[in-house]
Amino acid sequence: MSFSSDEVNFLVYRYLQESGFLHSAYVFGIESHISQSNINGALVPPAALLTILQKGLLYTEVEWSVGEDGEVARPIEGLSLIDAVMPEVKPPKPIVKTEPGKHSGAVDSSAPAGGNQNSQNSKPEIKIEPGTGAAGAAAGNKTAGSTTGTSTPTDQTAGEVDSSGNTANSTGGATYTGNNGAGGNQASTAGTNNTNNPAAGETAQPGAGQKKSQSSNEAGSSSGGNAGNANATSTDDAASSTSTNGNSSTSSSVEQPSSGVTPAGGGTVSTSNPDAATAGVASTAAGAKAPSGAVTIRVGAQGNSVQAGSSTAQNSAPSGTISSSTGGGAGTPAALVPMDIDESIEIPESKARVLRGHESEVFICAWNPSRDLLASGSGDSTARIWDMSDANTNSNQLVLRHCIQKGGAEVPSNKDVTSLDWNCDGSLLATGSYDGYARIWKTDGRLASTLGQHKGPIFALKWNKCGNYILSAGVDKTTIIWDASTGQCTQQFAFHSAPALDVDWQTNQAFASCSTDQRIHVCRLGVNEPIKTFKGHTNEVNAIKWCPQGQLLASCSDDMTLKIWSMNRDRCCHDLQAHSKEIYTIKWSPTGPGTNNPNTNLILASASFDSTVRLWDVERGSCIHTLTKHTEPVYSVAFSPDGKHLASGSFDKCVHIWSTQTGQLVHSYKGTGGIFEVCWNSKGTKVGASASDGSVFVLDLRKF
């Protein structure tokens, strides 16, 4: 008998997913390098870990019950799993007198019938993979410096810039390097935060996009949906409304509890999607909130959505769109209507430029507002600036290495780059990292400032519109306004009781922040208390966004609801309940009064782990379109500058382009890894995307 640490880790990983512990599954998947194993998950049945534990418990009961003479001397019933692994509770076996010359050892039940009974202490041998050891079997033991299965890129040295602004080449200046496809590693030799101790004594953190996993053990937080708060109520005023599946209704006193609560002990079965609610395990969040590069690729390939009859979610996942008029009863969205996809909408490879260079998953990307420069941030502790101008056919990249001081020298931080944002004129790029530092870079790769005040990973970072302040949020429960010209902390706000997950500016001096503490605070520079606090969510709040006019604030949460808030009211204006799983992100359209598209209605997009995107008419509080082509959790959505199209990226590796007017799928492209982020360039002609396999790609939508 033999088994490997990879096999143990995979069964634990699958158990966490099936039990609804999506955040924990994601973190475990990264640290144990599940994606690098050769296990075909499609062949592993649901509840595999529980099945083998049950068999082991039965064996233990038999072992403890059978005497040395083979007779049942002391039947044991109701043995618990904990008792089975605690030697001190093992009952003594009856002493059996033996004839002289015969051993009195216990019979090894694993020995074949008629075998040698003289080896009284023989036990089945457990073989561990070479190099793993016992500890490796328990934790995967993939050290940060491991280079197994990786190759070091050879084309990056000329343009490498560390966080001190020094280049790694002999010329002394930062230069661009050509992208020739080399260095497209799918595992980071730097370790990407796998065994490093998090700052400030925090527990192990997930990858950047998955800022939320760390806090899933916070008091009152339920990573499996809203199970712990199903009976929570809040007294909204009479004018607030609750929308379920796009159908608005007036609620005078209480919020409706969220539907589709994840069962604590079994598969994640969605009660609102009959296609997915099968005897197997319903489609999980692909490693939840920021799976490792190939973790999510393998998750998709391994059939984590195992259903009865060996049918995977890919075979039954609905596609196409439905409008809110087809909605079902409260809290139960109607079955999604499949839509045939015309092959002509598939974006050809000739219109896609794949950018290789990152050595780990790429969590974020953002276009420069003035030039066709695409910035990306990765788990390899680098940000990169890609020159995507039409004149540059080589896709040159500038590597911004995030380093820290250690022993008087600059060394790579080996921490994820979690967030990045360009200032208004595109002259500066700000990045936030798991090493607790924010940095400001110039477009030539030089480091302008290092901002050090947070005591732990930074989860979000935003420039204000004027470009004189930077706002950051971190695991240390604080938000900070930085003076961009000096790099100094202007004011630190410590109002949250748990990690802050997202921030967004309302004006040049006022902003909102959200947290795993379920609260939203609105703060202003120079004021020592929140000027407004919004309460109503019953689980951690993942993202917040002010509308273009700065009048309405949208928030989304693991409680599966989307809420709209106004500074003129204490309760939410709309409580939109239609998604059947956690809502990861939201975006407002760049339309309506005060925008470049004043004659187009303002709409809000929400992306969820239920694999759908919904478009909302916020004024009416109703769902306009439900976009259902994706088959895995959707992590990112982005509106085109004219508001006529929406890009969505999912862990099914697909980027879809939708018409916001009709809800129809217009263009589609399938990459090589799960999509973390999508973004449009300022002209609305190109869409950038970053993926879990370390790739970045740009779709040219001209001539379509």
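Here the Cβ of each residue, glycine as well, is placed from N, Cα and C on the backbone.
These come from TrEMBL:
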type: COMPBIAS; residues: 131-204; note: compositional bias 'Low complexity'
type: COMPBIAS; residues: 228-259; note: compositional bias 'Low complexity'
type: COMPBIAS; residues: 306-315; note: compositional bias 'Polar residues'
type: COMPBIAS; residues: 316-325; note: compositional bias 'Low complexity'
type: REGION; residues: 91-275; note: region 'Disordered'
type: REGION; residues: 306-335; note: region 'Disordered'
type: REPEAT; residues: 355-396; note: repeat 'WD'
type: REPEAT; residues: 417-442; note: repeat 'WD'
type: REPEAT; residues: 451-492; note: repeat 'WD'
type: REPEAT; residues: 534-575; note: repeat 'WD'
type: REPEAT; residues: 576-626; note: repeat 'WD'
type: REPEAT; residues: 627-668; note: repeat 'WD'
The repeat 'WD' (451-492), counted residue by residue under DSSP: helix, strand, coil: 0 helix, 24 strand, 18 coil
Counts of helix, strand and coil residues, the repeat 'WD' (355-396), according to DSSP: 0 helix, 19 strand, 23 coil
Positions on the same chain near the repeat 'WD' (451-492), where near means CB under 8 A and six or more residues out: 198-200, 202, 205, 211, 214-215, 415-416, 418-425, 428, 430-440, 498-505, 507-509, 511, 513, 515, 523, 525-526
PLDDT averaged over the residues of the repeat 'WD' (355-396): 93
